[in-house]
Amino acid sequence: MGDDDTPVCLSVASCKGVSCWLDKLLLWALTLSITLRNTAVDCRRVDRNGLLSPNLNSSMSVVRMGQNVSLSCSSKNTSIDITYSLFLGKRYLESKRRRGGAVDFHLRISNANESGPYKCKVNDSNSSKYSQNFNFTIIQDESCSSCLLSLLLPGVLLGLILPGLAFLIYLKYKKGCTGKTLKENESKGSGDAPTQGELYANICETQKGSEQLQEIHYTTPVFKEVAPTEQEGLEDRKDDYIYSELTY
């Protein structure tokens with residue numbers, strides 16, 4: 001009977017050994033899990049108490065020269081007062097302070113050097129963090145010819161309009177002068193006899209030996225028709241005459 005009990009005792013002993021080994025392994029795994037959990041909690045606690053890196057972005061990344069832009073620097077730390085500072089490369093631009101959230105910086109792109117890189121810095125009394133770099137893309141005007149045309153067009157139109165106006169004024173003035181001359185000629189003339197004023201010069205010579213200069217007098221004769229008169233002794237002659245009265 002003893003021979004029959006020996007294998008049973010050995011199997012029970014081996015089962016106890018395996019069970020102890022499994023218990024030790026389970027205990028070690030449980031300890032490791034608790035340790036890792038505590039480490040994670042400590043890391044989270046450090047992140048909550050420390051600063052997080054801010055985020056810098058803009059509503060537009062492609063701009064033109066001379067355009068106004070805005071950069072937004074945001075932080076997830078909302079429980080403490082934070083100072084936000086903006087940098088262009090290593091050059092300091094501006095600072096704002098508030099309790100977490102986001103702040104906006106307004107800029108004007110005046111030259112190609114102001115395209116970037118921009119960087120935002122957040123800091124409190126204990127630490128500071130920087131954001132990623134941000135760059136703008138500056139595009140040139142599509143065509144300079146259109147700008148040139150818009151500048152030259154007013155000058156070209158002005159150059160065309162002014163000569164046209166001058167020509168119209170000249171024609172109007174010439175027409176007015178011609179009409180006035182015709183009216184004067186019609187008022188001077190009468191009947192079918194063409195009478196036009198001519199310029200005559202009367203030269204009066206001084207007496208010999210006098211030192212006075214010669215004077216030239218100009219006058220315009222006016223011709224008028226008068227009725228013919230009958231002369232005595234010439235009744236038989238039927239010649240027609242036209243008489244004019246000369247007035248100075």
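Every residue gets a Cβ built from N, Cα and C, even glycine.
Of the cysteines CYS43, CYS120, only one is given by Swiss-Prot as the disulfide partner of CYS73: CYS120. The candidates are ASN57, ASN68; Swiss-Prot tags ASN68 with the feature N-linked glycosylation site.
Per Swiss-Prot, the listed range annotated as motif 'ITIM motif' is 216-221 (candidates: 78-83, 138-143, 216-221). ASN135 is the residue among ASN123, ASN135 that Swiss-Prot describes as N-linked glycosylation site. Packing against the transmembrane segment (151-171) from elsewhere in the chain is no residue: none 6 or more residues past its ends has a CB under 8 Å from a CB in it.
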